[in-house]
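Going by Swiss-Prot, these are the annotated features:
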{"type": "REGION", "residues": "62-73", "note": "region 'Interaction with the inner capsid protein VP2'"}
{"type": "BINDING", "residues": "H153", "note": "Zn(2+) binding site"}
{"type": "BINDING", "residues": "N266, D286", "note": "Ca(2+) binding site"}
Amino acid sequence: MEVLYSLSKTLKDARDKIVEGTLYSNVSDLIQQFNQMIVTMNGNDFQTGGIGNLPIRNWTFDFGLLGTTLLNLDANYVENARTTIEYFIDFIDNVCIDEMSRESQRNGVAPQSEALRKLAGIKFKRINFNNSSEYIENWNLQNRRQRTGFVFHKPNIFPYSASFTLNRSQPMHDNLMGTMWLNAGSEIQVAGFDYSCAINAPANIQQFEHIVQLRRALTTATITLLPDAERFSFPRVINSADGATTWLFNPVILRPNNVEVEFLLNGQIINTYQARFGTIIARNFDTIRLSFQLMRPPNMTPAVNALFPQAQPFQHHATVGLTLRIESAVCESVLADANETLLANVTAVRQEYAIPVGPVFPPGMNWTELITNYSPSREDNLQRVFTVASIRSMLIK
């Protein structure tokens, strides 16, 4: 993997900097590095493809070295270099595609394609010019079963979940009380509602709670907490739990009371915030517990009082909500990130070449299913294919 990264970094620099008119002295170190790459690769044969619709291609390396010049690089020099650069880039692209198409239930973090396994050989170690990539560093640590640390912005840590629970229900569905939520990606939105606006609740207060367990622990997370859940702020028709009928949800938004968010790790509370909104920090957690209250307003204008009558029918439904959004966090496991294209790149390659469903990844790389059942085997394979995708993205946009 380190060799693949070094080849890609060298080729990217060569493509960007070996251009007509450049002073040789400005790129002499790069050209020496480029020549070292050629010397190491010459005389070797590789094969890629042969899975799904990915065609088999054979690669042979027999290239001349780039020479020295006293002045600027001329058109002939650059054209000669370009021929070599384009062949190498095509090779790296195909190695990456081949690697992203394969998976293994055992030691999935190790190279799976024939070409990348060959590049891992001792003869290619001299190509290791630059291993500064975060993904390469973490791949090395994971390969040695040591602790990794990926920094994510908008991590896709929450599997998609949209549902409701009813604490008070009846066949007519005209006086309900409960909680509904939408968890997805890096965001939780939860709303508590009471058609009667807590008129019969103790002290006219209804208590709500929403608990979310993460598939992997996060550390040093920057989080935004808001006293609102905009996705539950408009009327909707909802299917009943048994699917036999539908019921109306017509919210009128109130501000939640006594809001508390707890971040827990292995059942132990690590951080607690009460009535604090905006930016908050969570040190280390694998579970989030949100609790909040709906309080019937003790004083109401006639217009508000008309919204929340003392008895049925309840045409408007008192609702309070919260939004919790993870803005950035560190995770020991690799995750999809809304700010990166790695999952999209891997999925697109596997779809384009009709890669058959293997023993590890779900059909279509379904992220909700993948993260819901995030096994060590999936983690290993995902770290490998994401590392390869990050390498490929240097050369192929």
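Cβ coordinates come from backbone N, Cα and C, glycine included.
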- [ ] Output, ordered by sequence, the same-chain residues six or more apart from N266 (Ca(2+) binding site) with a CB under 8 Å from its CB, or 'none'.
- [x] D286
- [ ] Restricting to the same chain and to sequence separations of six or more, state which residues have a Cβ under 8 Å from that of H153 (Zn(2+) binding site).
- [x] E327, S328, D337, A338, N339
- [ ] Taking the Cβ of D286 (Ca(2+) binding site) as the centre, count every other Cβ atom within 10 Å, in any protein chain shown.
- [x] 17
Task: Mapped DSSP class for D286 (Ca(2+) binding site), helix or strand or coil - done: strand
TODO: Helix, strand, coil: count each for the residues of the region 'Interaction with the inner capsid protein VP2' (62-73), based on DSSP.
DONE: 0 helix, 1 strand, 11 coil
Task: Averaged pLDDT score, the region 'Interaction with the inner capsid protein VP2' (62-73) - done: 90
